[in-house]
Amino acid sequence: MQDVLGPTLRLIRLPHGEGVELPAYETRGAAGMDLKAAVGENEPLVIAPGRRALVPTGFIFEIADGFEGQVRPRSGLAFKHGITCLNTPGTVDSDYRGEVKVLLINHGDEDFAVTRGMRIAQMLITPVVQARIVEATQASETARGAGGFGSTGV
Ligand SMILES: O=c1ccn([C@H]2C[C@H](O)[C@@H](COP(=O)(O)OP(=O)(O)OP(=O)(O)O)O2)c(=O)[nH]1
């Protein structure tokens, strides 16, 4: 059982998510909860080399105000199969009420079959702040100035 106090995450199960395990933290210190694929039982979603696919999770995630969900790849899938998230980290907004989906891409050289319940990615719940956006005419002075992209040397 989790003994950390984070925000409550309400998960609304969609009909095609019936029977798919809830996203879960696999170890006590895991930063991300694993997301499972809600593809059809006998209909694996096959991603050919170089192709991408939007994989359903079967859940709406109601993320608390002041937080976001970050969808990130699993290193094991990346290392073993060249499977990663194309838009990593994917951003799930706290006001989003659609199904969370995972955009996978196959960088490997073989077809990859996503099967029902397969752990395809992980989601971190992270605090966010919104900036107060103000247009200004001049940038303030700093020691760095406009130096960047290696300006401090190696
Ligand atoms: O990996 C992802 C990324 C996004 N989303 C959902 C949740 C997010 O709140 C919504 C919009 O995502 P984003 O802001 O990245 O998309 P956009 O291209 O800016 O589209 P929009 O105009 O809908 O905001 O899509 C996912 O389910 N998975």
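A Cβ is built for glycine as well, from the same backbone N, Cα and C atoms used for every other residue.
Per TrEMBL, these features apply:
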BINDING   ARG74, SER75, GLY76, ASN87, THR91, VAL92, ASP93  substrate binding site
DOMAIN    20-153  domain 'dUTPase-like'
Check your understanding: Which of the binding-site residues ARG74, SER75, GLY76 have a Cβ less than 6 Å from any atom of ligand 1?
Key -> none
**Study point:** Helix, strand and coil totals (DSSP H, G, I; E, B; other) for the domain 'dUTPase-like' (20-153)
**Key:** 7 helix, 51 strand, 76 coil
Practice item. Other Cβ atoms within 10 Å is the metric here; tell me which of the binding-site residues SER75, GLY76, VAL92, ASP93 scores highest. Key: VAL92
Revision key, fill the gap. Same-chain residues at least 6 apart in sequence with Cβ under 8 Å of the Cβ of THR91 (substrate binding site), in sequence order, are GLU68, GLY69, GLN70, VAL71
Study note, to complete from the structure: Least crowded of the binding-site residues ARG74, ASN87, counting other Cβ atoms within 10 Å of each Cβ, is ASN87
